[in-house]
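Taken from Swiss-Prot, the feature S-adenosyl-L-methionine binding site applies to ARG57, ARG137, ASP155, ALA186, supported by similarity to another entry. The annotation Zn(2+) binding site is assigned in Swiss-Prot to CYS317, CYS320, CYS354, CYS357 on the grounds of similarity to another entry. Look at Swiss-Prot and you will find 30-470 tagged as domain 'Trm1 methyltransferase', backed by sequence analysis. The feature region 'Disordered' is assigned by Swiss-Prot to 523-548.
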Amino acid sequence: MYEANMLRLSQRISNAVNHFSTAMMSGASASLTEGSAIIPFSNPNEVFYNPVQQFNRDLSVTAIRAWSETRSKKIVAKSHHRHQLLDQNSELSQENLTKCDTTHDFEKNCSEKTDSTSADNIAGFTILEALSATGLRSIRYAKELPNVKRILANDLLENAVKTIEKNVNYNNVSDIVIPNKGDANAVMHMNKFHYDVIDLDPYGSAAPFLDAAVQSVSKDGLLCITCTDSAVLAGNAYPEKCFSNYGGSSLRSNFCHEQAVRHLLYAIAASAAKYGRAIKPLLSLSIDFYFRVFVQIKAKPVLVKNLQSQSLLIYHCSGCGSFAEQPLGKTSPGRLPGTTKFSNASGPPVSANCEHCGYVHHVGGPLWGGPLHDAEFLKKMRAIAEDLDPEVYGTKRRILGMLALADEELPDVPFYFVLSQICSVLRSQSPPQNIFVSALLNAGYRVSGSHAKSNAIKTNAPWSFVWDVLRSWIKDHPVKLENISKTSAGAAILEKTPTAEVDFTFRPDSEFASKKEGYTRYQMNPTENWGPKSKPGKRTIAEVDSKS
């Protein structure tokens, strides 16, 4: 089933790419359709479109819907509470007060106070797409999201703004989408606390826009942010660039994709903290060749105090790949009831050399150490995604699969390891994943997969037990010792005897639920040279602008 689903999805994306390429090459007027939007074009330089990113846009529509519905309920509840106070002050009858006693009753029975139209007006919201290009994303938001009052589709290039205006008029959403020419940072700085949703989808890093975005978004507003600079965020070739852009140094590791997401979240949190604002990650994903996060901004300075304890360093062994987290702060109950004491954390969690293999550690971070996702938000998104029309949302099955993976991740366990990689340290064949997971579960530890990598494992088991599991496995599945260098990390680990009792008895819950549900969980590369596209016509557009 998994292979069939992946084949169908790959074929669909490949067809979309081929169709688009053929249309571009024909020289005649053509159009592309994605979701509810239609983008006409007659010149390939007019449009910057990557069909592989349809998943990004489908997912974003789903996420904003989940956020807006939750927001609407809170706004209606507050409105109801105000009506109750007014009713009490006006000495209305007890019958009316009882009738409107709860938000549920208010929504169902108090249409004389707040009908559906006025409720929608109360819960309406604004969106800024700061780097709009063709306006495709803004048009989809206007046509597919309820209660959107206004969308500002901004771009710096004159030709891009003209294209946005043409596409907006073609899709009949000019009453909602307003094309705008301007610098993204300037637009956000001129409108502090103004936009309820800000979408940043730059070509490369979003770092230059974070400071303005955390100020421009409204209280409890939503930031939807993409970064495609994976070589910086997820590699080890540019740790100095990662540090200057995101405030933390990157490491070469098997968990590099989650590391990248946590670097981005840390950068957003650090930017917001300067203005007395805190972040609440709702959904944070490593997807294909980019990273996409949905973060709610909380205007509560008291929450900013938690950032120290939510930040961490990571110690990563250069030999065996084991790792340990070092929080930068800690919290404890204060002297008075309901208060919290904030203090520095103690450390380090490791010695200079790895206790398992003797190799040195490399240090990465700081990074975000809190949860990547919000459980209630994921539940809401999954419910919405189930009802999506697959004809409109072509990546529906993958959305469901990605959300299922995120939902089952251990929320309090940063980072993962890859079973085949740690087995390669010992020159051992890998045990079946369900058998390895069963051994961890039988010992009382918690285990999950990760959305970021297909064969990743997250667990609260200590590394000493992980190596004991593999040493016990090797007893029945011997390795060729002549293939292991005596100075290697693997030799040092195998020299030790297991100290824990390991039970490999199979457990049904060792199969992750997301796999059983049969969703499309991990995307295979559907086309050649798959990844972020170059900016077509950038030089032509720049030349046109210079001549105008």
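Using N, Cα and C of the backbone, Cβ positions are placed for all residues, glycine too.
For the S-adenosyl-L-methionine site, whose annotated binding residues are ARG57, ARG137, ASP155, ALA186, the maximal Cα to Cα separation is 25 Å. For the pair ASP155 (S-adenosyl-L-methionine binding site) and CYS357 (Zn(2+) binding site), the Cα-Cα distance reads 53 Å. CYS320 (Zn(2+) binding site) falls within neither a helix nor a strand when secondary structure is assigned with DSSP, and so counts as coil. Comparing ARG137 (S-adenosyl-L-methionine binding site) with CYS357 (Zn(2+) binding site), their Cα atoms are 50 Å apart once rounded. Note: ALA186 (S-adenosyl-L-methionine binding site) has no non-local neighbours, i.e. no same-chain residues 6+ apart with C-beta under 8 A of its own C-beta. Highest local Cβ density among the binding-site residues ARG57, ARG137 belongs to ARG137, counted as other Cβ atoms within 10 Å over all protein chains shown. Along the domain 'Trm1 methyltransferase' (30-470), the predicted structure has mean pLDDT 91.
With respect to their backbone Cα atoms, CYS357 (Zn(2+) binding site) and ARG57 (S-adenosyl-L-methionine binding site) stand 45 Å from each other.
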